[in-house]
Amino acid sequence: MAPRSVLETIQSVLQKNMVREFLAEFLSTYVMMVFGLGSVAHMVLGENSGSYLGVNLGFGFGVTMGVHVAGGISGAHMNAAVTFTNCALGRMTWKKFPVYVLGQFLGSFSAAATTYLIFYGAINHFAGGDLLVTGSKATANIFATYLPEYMTLWRGFLDEAFVTGMLQLCLFAITDKKNSPALQGTEPLVIGILVTVLGVSLGMNSGYAINPSRDLPPRLFTFIAGWGKQVFRAGNNWWWVPVVAPLLGAYLGGIVYLGLIHPSIPQDPQRLENFTARDQKVTASYKNAASANISGSVPLEHF
């Protein structure tokens with residue numbers, strides 16, 4: 001028997017579900033973060049090139065594109081808090097948690113590096129070559145969130161937990177087939193709109209990281225790239241809040257929806273029959289797609 005070629009070996013590895021899900025989370029998070037961080041760079045560095053609304057649209061539609069990239073493979077969580085909640089509530093196995101989060105962290109870190117390279121000249125010009133974490137010429141806030149002076153650490157914690165809870169509650173609602181889910185095929189757009197709405201309504205106080213995978217890897221990049229230890233010390237050691245608070249908030253938001261709303265949905269037989277018929281059609285279409293070597297699993301319900 002002839003030895004397997006390198007290409008065949010790579011294809012064999014990529015066919016494993018865990019590997020595919022890792023790569024899906026990596027690429028979807030990378031796409032989301034490039035659009036999101038790029039929009040922040042425009043607001044910080046360009047006098048008239050960006051705005052706060054632009055940042056929210058950048059992250060919102062970045063999420064939409066990320067779900068389009070990987071929604072049919074991993075569900076495109078792009079958020080360690082969402083992954084944690086799905087594992088904690090039994091909607092996916094814990095063995096997938098490190099795979100998803102590692103993919104998200106590496107994708108986010110890579111996006112931060114990409115953003116730095118794209119805006120390298122503008123970053124150096126903006127602060128005269130200095131890499132500052134605080135002050136009017138700060139550029140570290142392009143990559144991670146920092147607490148404003150009027151906010152205390154614990155108020156920021158509650159803010160992050162609450163906004164992430166709203167995110168998770170609405171994600172469960174959007175993908176709940178027994179309630180009023182988004183129309184089939186519109187889920188990426190609706191989820192992106194959700195992120196945009198959270199930003200324009202609740203994002204001012206803490207920068208609405210609402211995602212450990214969005215905040216910690218870029219912060220680590222800035223530490224390595226020259227901004228130094230101040231990226232962890234600023235804001236009374238704010239760095240850990242966008243990591244811990246979203247985990248708690250998403251979990252509580254998930255419990256609120258599954259505990260209060262999901263059991264209260266009327267089990268109308270005709271409605272359930274309609275959902276079953278729709279699901280059978282969707283399953284059949286994905287089986288046909290699979291025969292054409294296209295992935296047929298769309299686990300968006302993991303949200």
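Cβ coordinates are placed from backbone N, Cα and C, and glycine is handled just like the others.
Annotated in Swiss-Prot:
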{"type": "MOD_RES", "residues": "Ser5", "note": "phosphoserine"}
{"type": "SITE", "residues": "Phe59", "note": "site 'Selectivity filter'"}
{"type": "SITE", "residues": "Tyr120", "note": "site 'Important for permeability to glycerol'"}
{"type": "SITE", "residues": "Tyr208", "note": "site 'Selectivity filter'"}
{"type": "SITE", "residues": "Arg214", "note": "site 'Selectivity filter'"}
{"type": "TOPO_DOM", "residues": "1-21", "note": "topological domain 'Cytoplasmic'"}
{"type": "TOPO_DOM", "residues": "40-52", "note": "topological domain 'Extracellular'"}
{"type": "TOPO_DOM", "residues": "71-74", "note": "topological domain 'Cytoplasmic'"}
{"type": "TOPO_DOM", "residues": "89-96", "note": "topological domain 'Cytoplasmic'"}
{"type": "TOPO_DOM", "residues": "118-152", "note": "topological domain 'Extracellular'"}
{"type": "TOPO_DOM", "residues": "174-185", "note": "topological domain 'Cytoplasmic'"}
{"type": "TOPO_DOM", "residues": "203-206", "note": "topological domain 'Extracellular'"}
{"type": "TOPO_DOM", "residues": "221-238", "note": "topological domain 'Extracellular'"}
{"type": "TOPO_DOM", "residues": "261-303", "note": "topological domain 'Cytoplasmic'"}
Sequence-distant residues near the topological domain 'Extracellular' (203-206) by C-beta distance (under 8 Å, 6 or more away from its ends) are 56, 145, 147-148, 151, 155-156, 159-160, 163, 241-242
I'm trying to understand the geometry here, so how far is the Cα atom of Ser5 (phosphoserine) from the Cα atom of Phe59 (site 'Selectivity filter'), in Å to the nearest whole number?
41
Validating a neighbour-count step here. Other CB atoms within 10 A of the CB of Tyr208 (site 'Selectivity filter'): how many?
27
What else in the chain is close to the topological domain 'Extracellular' (221-238), if you only count residues 6 or more beyond its ends and a Cβ gap under 8 Å?
109, 112-113, 116, 131-134, 139-140, 143-147, 153, 156
Could you state the CA-to-CA distance between Arg214 (site 'Selectivity filter') and Tyr120 (site 'Important for permeability to glycerol') to the nearest Å?
20
Quick one: give me the count of other CB atoms within 10 A of the CB of Ser5 (phosphoserine).
9
Cα distance, Tyr208 (site 'Selectivity filter') to Phe59 (site 'Selectivity filter'), nearest Å?
11
Could you tell me what the rest of the chain brings near the topological domain 'Extracellular' (118-152), counting residues at least six beyond its ends with Cβ under 8 Å?
37-38, 40-41, 44-46, 112, 159, 205-209, 215-216, 218-219, 221-222, 225-228, 230-231, 234-236, 238-239, 241-242
Could you break down the residues of the topological domain 'Extracellular' (221-238) into DSSP helix, strand and coil, giving a count for each?
16 helix, 0 strand, 2 coil
For the topological domain 'Cytoplasmic' (89-96), DSSP counts of helix, strand and coil?
3 helix, 0 strand, 5 coil
Can you check which residue among the recorded sites Phe59, Tyr120 has the largest number of Cβ atoms within 10 Å of its own?
Phe59
Cα of Tyr208 (site 'Selectivity filter') to Cα of Tyr120 (site 'Important for permeability to glycerol'): how many Å, rounded?
25
DSSP puts the residues of the topological domain 'Cytoplasmic' (71-74) at 0 helix, 0 strand, 4 coil
Assigned element (helix, strand, coil) containing Ser5 (phosphoserine), judged by DSSP:
coil
